[in-house]
Every structure is written in C-alpha cells, then in structure tokens.
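Written below as structure tokens is the structure these notes are about.
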Amino acid sequence: MNIQVLPDHKLSSVAPLKPCNVEKKEVELILVKDQNGVQYTSSTIMPTPSTHGTPCTAEEQAERETWGKKIDFLLSVIGFAVDLANVWRFPYLCYKNGGGAFLIPYILFLVIAGMPLFYMELALGQYNREGAATVWKICPVFKGVGYTVIIIALYVGFYYNVIIAWSLYYLFSSMTSELPWLHCGNAWNSPNCTDPKLLNGSFLGNGTSYAKYKMTPAAEFYERGVLHLHESRGIQDLGMPRWELVLCLVAVVFLLYFSLWKGVKSSGKVVYITATMPYVVLFVLLIRGITLPGAMDGIRAYLHIDFKQLNDPKVWIDAATQIFYSLGAGFGVLIAFASYNKFDNNCYRDAILTSTVNCVTSFFSGFAIFSVLGYMAYKHGVRIEDVATEGAGLVFIIYPEAISTLPGSTFWAIVFFIMLLTLGIDSSMGGMEAVITGLSDDFKILKRNRKLFTFATAFGTFLVALFCITNGGIYVLTLLDNYAAGTSILFGVLIEAIGVSWFYGVDRFSEDIERMMGFKPGLYWRLCWKFVSPTFLLVVVIASIVTSTGLSYDDYVFPSWSNVIGWGVALSSMMFVPIYAIYKFLSMPGTFKQRIAYCITPEHEHHLVAEGATIRQFTLKHWLAI
C-alpha cells in the first residue's frame, strides 16, 4: 500500500465521497487512519461489491453538485431566513413586549439557541452532503425526523405561496393612476364603507382600535375585493377558487419551478434579485417614512424601553418562538443548502454571518414599519397602539392605506409589493428545495428525473393551495399556518438536536467539523448543542402546547372539529419519528441488543455490530462526552 501524508484540509478528497453501499464506506474509513497525530490515506481506492452483488454505478460515484459561487449560498440562506415574518411580526412583537427591553430575551435566545442550531444544521448538511432524510445515516433510527421536516416544508408551501399570490395581485392592482383601496364606491365595497378622513379617535369611540376597524376602503379591498370573505359563512363554506388569484398563483408556481428546476445552479442566480431587493426597498421606504409627520412618534414608540414587561413569561415565550421561526432551523432547508457546499467551506463563519444579518434585518424593518404607523396615528388623531398590528392586517391593510395617502402613491405601492413578493419567493424556494433535495437524495429515481419531480412538487402545492384562494380560503390558510408548522416543527428540531448531540455524539460531531475546517468547535458551542439548545426547545414545545387555544380569525371562532383536523395535520408529520423508529428496529437482524445497536450506530459502523465489537453508544463515556 502506498502511503502519503495529507494536510488536514486535503481530507476533503476522502470524506465527502458518497458511499454506494456499506462496504464501500467501510473501506473509506479504514483507509483514513491516525498515527501519532498524522492523518494518512491510501493513494488508491478499490471499490468492493455491495451486499447485493451490484457494483457502484458511475452516477453513484459522481461528485455532488455545488454552488456556483460562495455568494450564491449566502444569499440563498439569507433569502430563506429573511421572510415576511421579519416585516410583519417582529416589529409588532418588539413594540408590544417592552420595545428595546424585548431585545434582551431576543438576543439571549439568539446566542444560546438560535445560532447553535443554525450552525449545527449547516455543519450537518455540509459534512454529510445529504438532504434532511439521508443525512441520518449517522444514526439511522432518527431518519423519521428527516421525513417530518420534509413534510412540514411541503405543508408550509401549500399556504405560503398563497400569500405571495396575494402580493402579486396587489402589485397588479397598484398599476393604476389611483389606488383601488383609496375610496369607497367600488363594486366590492359595502354600504357601511367609511371614508378614512372621517375616522378619528372620537368617531371610533373607546375600546375600538383603528387597526381592527373593518369598514375602511383598504380593509374592504382586502377582505371583500381580494378574499371575498363576505361570501363565506366559515371554514365549512369554502366556495370555488377565485380566478384572479388562481392566475396569480399559477405565476408564482411557474416562477418557483423555473428557479429550481436546474438545482442550485439556477436558484443560486435568482436570489441575486430576490434576496437583495428587500433591503433596497426597506431602505427607500425608511427614508420616505421618516419624512412623514408623526413618524418620529412611531419610532419612539417602537424603541421605548419597558423593563417591567420582562416579568411576564409570555414575553420570553414570544422571544423564544420568534428567534426560532425567524432563523428557519428545522425545515430541512439549511441542511439542503449546506449539502451543496464545498467540503472545506467555513460554515461556522456562515452561520454567524447569516443569522446575525437576519436578526438585524428584523430590527431594521421596524423603523420602516413604525415610521409609517406613527404617520397613521398622527393622521387620524389616535394612539400608536390603535394602528399597530401584525400579520396580513399590517402589510395588506394598514401599510397600503398609508401609502395611498402619499404623493406618488402608485410608485410607493408598487415598490412595497415588490418587496413582499421577493421576501416570499426566496423563502418559498428554500422550502421547496428542502423537499426536492431531501426526497431525491433518498430516492435516486427522483434525482435522475429532477425536472419532472420539481414540476410534480410545484404542481402538487398548487392544487392544495387552491383551497386557500376560495371565498373561505383564509380560514384554511389560518388553520394550516397555526398547525402545519407550529408545535410539529419545534418537536422535529428537538428530536434532531437530541439525535445529533446525544446519540451521534457532540464529540464525534465536533471531529467531523474539524475534518472540514481544521478546527473544533469551542466548548461553548458543544455545551449549547448538548444541553442548552435541547432544553430550550423542550421548554418552547411545552409552552406552545400549554398556551395553545382554539382557533379564531377576528370575530370568527373556528368549530371544534376544525381544531381536531388541525392537530391531525400536525401529528401527520410528527408520527414519522416513532413509526420509522419502530420500522427500523423491526427490519434489523440479530438479537434485541443488536437491533438497538444497528439503529443508533452510524451506518459505516454496522460491520462492528455484526462482529460483536463494543459499540460506543453502549458505554458511559459516549454519553458523558462533550
């Protein structure tokens, strides 16, 4: 055997090779040895026949596709993490929960849980170069959680694309000399429609928030002109899909398909526009916003500091859930994106950079939002809290109404809805890529037919999304938004963190990172992965279940059967964890102990189980290692 010394960074020539069977992987590991601290490898690798007697194909030995440029990956991750929630949720949460004081729990959870989980997923995907399901060759019994996050990403695509379609509809509707939600008197307006100029604190009366007043032209355009909500009696009365929204949804799905059909080579170029445009628009909107009367009152309200709010546990729960959902860990997207990185890419630096950019964006967007809310409060003579709101009510009612009163309103409306469109598109691209990569890595026939599979995935999300663009579609969307990626995604990431940190082992995971980048993660990261992050996730899972209440949309309370369906949707993804674990155990050969060993031992070590060697997971040293 010819032996040559390789420096650490050259190990990437061995480690990322994809095994086509167990034996091939065993050969790889035998060839990489450590003698007196020096890494050695063979200059040649001889493939061995698989257990099924089939040799490796040329396709199986082919190198995995990689990002065209490093910036493609960074923009894709930032584009996925920075989504609509950064604009329509964080600013309001910050304002509601003590202003500047809210940043204390928010930054705390970012440092002890958000960044560690973000880093863990990037490293996991990059080292193993697999999607969310097949990455669990490191601990086969946990493969079910890979399917869980893939299913959740698919569910989110069902309704998230609808919100993008709304943005597109608003964009087209804005291309007029006078915005359609400026006045009453349109075909969709009710007899009770009230001119906003007549609305002030005295008109509304005590206890009525301007943000909740549904008789303004902007509110009626959204609920009656776009959603046709007045034609539905509830979730049991959906009606037919609206043809205008169907066309918008078709456009969104086609845009997603042609962005993803060629893999990261095509999607990596699309994000040059979709990931950067929101920053340009936010900056332009901020400059315009701070010139409006009352803008400074809105910004002062946004930044006010109320430390007493920190005594409320709900503030801490809000901070924990926001940091988790904002960074996007657990959807399989970060694993999928990182799997296309070069083996020696510095994913540690990427994790710090992209998670920080995401959180700074959330904070920055608050200035653009609250400068306009301050203007609205000034214009109608009401308090900031009367116009402050979150979600669709903010970006489809309050903000468009404010824009409609400005000189050059058509321009500002087009700019704003282009921002919403780009915020949504790259996040939706990330979710769909997680599904495509995760399943095509597991089922090679899908990888060989990626274009067809991408089309089938996009078309499938389109068909289900049709239920969300009916007259009562907002009720379906609300149900999916609450249950499809609520407790289930928290549960998925909790299991993922336990699988990596405890069963695979933080020490072994750290060694994998060292092989890639030449240095081990510090003690801080290892402690977070093993103890802090799982504890954080467990607390958030429990809190989400305890604080769960029946669904409602404004004054409409969902029937109890719809909540049962909602929990059924949530459980439909979570059940993959126990079902696959049972299946894996039953499909393994040998005694009870050997089956357990096969389930929790990395696939490349299965030969040790067959030989009766001591398995590291059966030793106390493994569980105490950090």
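Quick reminder: no glycine exception, Cβ is built from N, Cα and C everywhere.
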Candidates C139, C184 - disulfide partner of C193 as recorded in TrEMBL: C184
Leading contact stretch, 145-172, 240-258, 270-290, 527-553 vs the transmembrane segment (483-506) - CB distance under 8 Å: 527-553
Whole-number Å value for how far C184 (disulfide bond) lies from L423 (Na(+) binding site) (Cα to Cα): 30
Closest-packing stretch to the transmembrane segment (103-124), where packing means Cβ pairs under 8 Å, from 270-290, 323-340, 411-431, 452-477, 565-586: 323-340
Paired segments the transmembrane segment (323-340) and the transmembrane segment (352-378) in contact, 3+ CB pairs under 8 A: yes
Cβ contacts under 8 Å made by the transmembrane segment (452-477) with residues that lie 6+ beyond its boundaries: 154, 157-159, 161-163, 165, 227-229, 231-242, 245-246, 249-250, 253-254, 256-257, 260-261, 432, 435-436, 439-440, 446, 553, 556, 558, 562
Nonlocal residues around S326 (Na(+) binding site), in sequence order (Cβ under 8 Å, 6 or more apart): A81, A85, N86, F90, G114, N358, C359, S362
